[in-house]
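Undergrad: Heads up, here are the entries from TrEMBL:
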{"type": "DOMAIN", "residues": "88-123", "note": "domain 'EF-hand'"}
{"type": "DOMAIN", "residues": "124-159", "note": "domain 'EF-hand'"}
{"type": "CARBOHYD", "residues": "SER139", "note": "O-linked glycosylation site"}
{"type": "ACT_SITE", "residues": "HIS258", "note": "active site"}
{"type": "BINDING", "residues": "ASN259, GLU288, ASP290, GLU337", "note": "Ca(2+) 3 binding site"}
{"type": "ACT_SITE", "residues": "HIS303", "note": "active site"}
{"type": "BINDING", "residues": "LYS386, LYS388, SER463, ARG490", "note": "substrate binding site"}
{"type": "COMPBIAS", "residues": "402-416", "note": "compositional bias 'Acidic residues'"}
{"type": "DOMAIN", "residues": "434-550", "note": "domain 'PI-PLC Y-box'"}
{"type": "BINDING", "residues": "ASP647, TYR648, ASP649", "note": "Ca(2+) 5 binding site"}
Amino acid sequence: MWRESKKTFKKNDTFSLDDISAVQMGRQSEGLKKNTEEQVEDRCFSIIFKSRRKNLDLIASSEEEAKQWVKSMQKVVSNLNNLSQKQKTEHWILSCLRKADKNKDDNLSPSEVKSFLHLINIEVDDEYMEMLFKKCDKSKSGTLTGEEIKHFYDLLTQRDEIDVIYGEYAKTTGFMSAQNLVDFLMKEQREKATLADAHRIIEMYEPDENAKEKKLLSKDGFLMYLNHPDAMILNPDHKDVYQDMSQPLNHYFISSSHNTYLMEDQLKGPSSTEAYIRALQKGCRCVELDCWDGPDNEPVIYHGYTLTSKILFKDVIKAISEHAFKTSQYPVILSLENHCSVEQQEVMARHMSSILGSALITSPLSDGMPTNFPSPEELKGKFLIKGKRLNKLEDTFAEAAADDNDVTEEEESNDEDAQKEKSTKKKLKLAKELSDMVIYFKSVHFNSFEDAQKNLSFYEMASFKEGKAMKLAEESANAYVRHNVEKFSRIYPAGSRTDSSNYNPVPLWNAGCQIVALNFQTPCTDMDVNQGRFLVNGKSGYILKPAFMRDVATDFDPITLTRGDWLKHKTLHVMVISAQQLPKVSQKKSSIVDPLVKVEIYGVPADVAEKETKPFDNNGLNPSWNENFQFDVYVPELALVRFSIEDYDSISDNDFVGQYTLPFNSLKMGYRHVPLFNKNGNLLPSAGLFVHIMVMDAE
């Protein structure tokens, strides 16, 4: 790629195609909007990355050239995303080989083989390497070429544990027959399987045409099947939307973001429309907009009273409008933190109305005053506004709408900048146009559960700072659960978290809170758990709460766990067997990972547990542990299981390598591969963990 710029670029400024998240045509990015004129619109395009790397904005010499670039790159990225596990592995191996072949002669010398082994994260004893090298150097040339390199790699990546399992069931002339495969699926994987299922698997995964013809499965075919996403640890029936989506909106946990506009921290980090796009791409369904008066009567979004940069409100609404429904069709809630003058609030209302059009909900779905929330299904493709309102929704139906634009109200608990403003009582000036757009999510102050029960309508909701919410979730858990059967609760991180760190969302989900807002821009365990909670149900951003959290008279209390429908005591047996192709954590050449595996249960306090294996020294390519763990799970419907791999360090904290979190009830039993996500929540292309899972009824 050739590019012209005043700045000098590093000579080797390259990036892997694996890093690309999307390629966008036109002047869509902030950089292009700011630095280019409209007439080059058709020649512009941007490459958006999965990591925190900034967009790459490019201008081609003609519209034709730009189109060709975009089309070709989109095709290549799409192909890369659809590789099989075997192809991913080969792709990874080839890129490591290319790096190791220093003199680019397509041969590997012993020293190049050593650097290749470092790249694939394996420390091999010199003598052992020499022995393997000689074994593979059939041509006696002192270097390895083509087939010899492949042979060398095959010897290194031998999966003994797969051989053992395969050998147990391959009872037909050293192969697995369809019947052998049915036995394996029923006995080990606890799946209902027929001969027809076995034939379909052989047809799909067997690479050897002769074996396929005889309806036999070879060891390679068996491994390819075990590596297929549908045969992995996540129940494939839970990948798409499988829950009832016709319940009232407040009966769901909703994937929610806090300070969505920030790319980094809350004091001086950049604000960007890009941050909204990233959150929406991750399935987030509730985004936050901190709105302030801007120049030229155009409201801006940024973190008030800080040095974070400002972005135009209308640009954010445009970005949201374009990207809201690409990952999920279900409704998006715009949570307005409104600090604008009445004049600029009118501008906000106009922008939302003109940009979002008929997708914006500005009146109840039904005729007459609603008594409950509509469902996610009824609200597909729609936007809902959460904010303050001049009057009660009932008043508009009683035709007694107040003309007065002033409302005195106590400083709301969700106004995070309260402590910085002088008076707690103040006149709230609210534009009628904006107020009228608030239908199902009216922000109000929370006094007590009794007060809410008596005085608040179903659509009136409070926001709780994490500390207050955690206290309620511990001390009045059942009252909180019941409150959330009828109303909405939004939780947000404490203002003291200026580094945009997060809190554990699980205790708040246990109390039935629907909108538990996290800083999506901050990679951490809490975000991993959030990703795990919303991994299923089509990544729709909506997860139906268990039935015992949707009943007004429920006795469920996550802390005391009295008897009830929620108690379904299970025993989880996990055998951590092996891992494959773990990425290097440290960029130091000589550093090789010493991996250990942690298995954690998140859920009600009685279920919370953590166990870990011993570290395996100097091997990220194919470490094996064969360690068994057992867990008691009392409320499986609220439990999540997290597998994480760390690089053991005896002196300092262990380094994070990869993780995968999923709902307990979405686990598949038997021998399963576990995919791994990096710290930003993106899939590590060829890495994986191999485990055996068994879930038993404990009573």
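Using N, Cα and C of the backbone, Cβ positions are placed for all residues, glycine too.
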Undergrad: Does anything in the same chain, at least 6 positions from HIS258 (active site), have a Cβ under 8 Å from its Cβ, and if so what?
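TA: Long-range Cβ contacts: GLU288, TYR492, PRO493, ALA517, LEU518, ASN519, PHE520.
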Undergrad: Can you tell me which of the recorded positions SER139, HIS303, LYS388, ARG490, ASP647 is spatially closest to ASP290 (Ca(2+) 3 binding site)? Compare CA atoms only.
TA: HIS303
Undergrad: To the nearest whole angstrom, state the Cα distance for the pair GLU337 (Ca(2+) 3 binding site) and LYS386 (substrate binding site).
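TA: Cα-Cα, rounded: 9 Å.
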Undergrad: Taking the centroid of the Cβ atoms of ASP647, TYR648, ASP649 (Ca(2+) 5 site), which other same-chain residues have Cβ within 8 Å of it?
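TA: Other same-chain residues near the Ca(2+) 5 site: VAL585, VAL593, ASP594, PRO595, LEU596, PRO615, GLU646, SER650, ASN654, ASP655.
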Undergrad: Check the Cα-Cα distances from SER463 (substrate binding site) to the recorded positions SER139, ASN259, ASP647, TYR648 and tell me which is shortest.
TA: ASN259
Undergrad: For the domain 'EF-hand' (124-159), could you work out the same-chain residues 6 or more beyond its ends whose Cβ comes under 8 Å from its Cβ atoms?
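TA: 93, 97, 106-110, 113-114, 117, 223, 578, 580, 621-622.
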Undergrad: How big is the Cα-to-Cα gap, in Å, between TYR648 (Ca(2+) 5 binding site) and ASN259 (Ca(2+) 3 binding site)?
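TA: The Cα atom of TYR648 (Ca(2+) 5 binding site) is 34 Å away from the Cα atom of ASN259 (Ca(2+) 3 binding site).
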Undergrad: In angstrom units, rounded to an integer, how far apart are the Cα atoms of ASP647 (Ca(2+) 5 binding site) and LYS386 (substrate binding site)?
TA: 43
Undergrad: Measuring Cα to Cα, tell me the gap between ASP649 (Ca(2+) 5 binding site) and ASN259 (Ca(2+) 3 binding site) in whole angstrom.
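TA: A Cα-Cα distance of 34 Å.
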Undergrad: Between the recorded positions HIS303, LYS386, LYS388, ARG490, where is the Cβ count within 10 Å the lowest?
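TA: Minimum Cβ neighbour count within 10 Å, taken over the recorded positions HIS303, LYS386, LYS388, ARG490, occurs at LYS388.
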Undergrad: Find the one among the recorded positions SER139, ASN259, HIS303 whose C-alpha lies closest to that of ARG490 (substrate binding site).
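TA: Closest recorded candidate to ARG490 (substrate binding site) by Cα: ASN259.
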Undergrad: Quick one, of the binding-site residues GLU288, ASP290, GLU337, ASP647, ASP649, which Cβ has the fewest other Cβ within 10 Å?
TA: ASP649
Undergrad: Residues with Cβ closer than 8 Å to the Cβ of SER139 (O-linked glycosylation site), same chain and 6+ apart in sequence?
TA: THR145, GLU148
Undergrad: When you tally the Cβ atoms that lie within 10 Å of each candidate's Cβ, which of the binding-site residues (ASN259, SER463) has the highest tally?
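TA: Result of the Cβ crowding comparison: ASN259.
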